[in-house]
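Inspection log for the structure reproduced underneath, given as structure tokens.
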């Protein structure tokens, strides 16, 4: 309650939100101030960073509304909840968009760069954000449980029905991501085998690239599943009568996914790494790999 004892779990969520916001703000700054990072792939990474930045700010805002705002404001509570719903929805959708983009870059390798224009990607990103912002507005438009506490989900003030819809949608999106990544693995292996046959020897660099790509896929899927699936399933089966400690212990790892996303999607990218080195020390290390990216660098 506002003015009451501060929960250590809420402090942890607020601290996580602050770290998430700072880390993703750095990604956005690098993308914004580096003219060479204007390809569709970097636009999608920027969309993910913006979503995670807003999620971090939403966690901080939620803490402020709960403990610092006096007297309590229903509009502020609903606004903070809506920001979190919209931001995390946009984060998951951006992850799916990146997955689709990587699949298309392999499946249509010859025509990808001519078909996947920046304008088309911008339009798709704007459409995705409009949809996610619409979902975020639902609590403010009356889809909340402030008038009927028995209808609350573990994600107060979201209702049980709405939380179930969000959880099922998330699980379906994850299943789609899994299917796409399995297809990416098959295509990457096929490309590596074709190159090896063409050159009459085992293409060591290509094999290494494929292994690196597949390790990245495992990292992406494993991290995403560990962070989000337990919380999604819990949101589907639990309600507000369950002990709050269960919600906190599952929500905190889910929010940490926004802390891990920049490491997986941005800071591991060679082009962004170069920009970071240039911004920090004005140089690029001599040990930095200049190997061009191939279709197996998924």
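We number each residue from 1, going along the chain as drawn.
Cβ atoms here come from the backbone N, Cα and C positions, even for glycine.
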Pick from 194-213, 214-233: which stretch is listed in TrEMBL under transmembrane segment?
214-233
Using a cut-off of under 8 Å between C-beta atoms, tell me which stretch among 12-34, 41-63, 214-233 contacts the transmembrane segment (75-98) the most.
41-63
Taking 118-143, 214-233, 245-267 as candidates, which has the most Cβ pairs under 8 Å with the transmembrane segment (41-63)?
245-267
Average pLDDT across the domain 'G-protein coupled receptors family 1 profile' (23-265), rounded to a whole number:
86
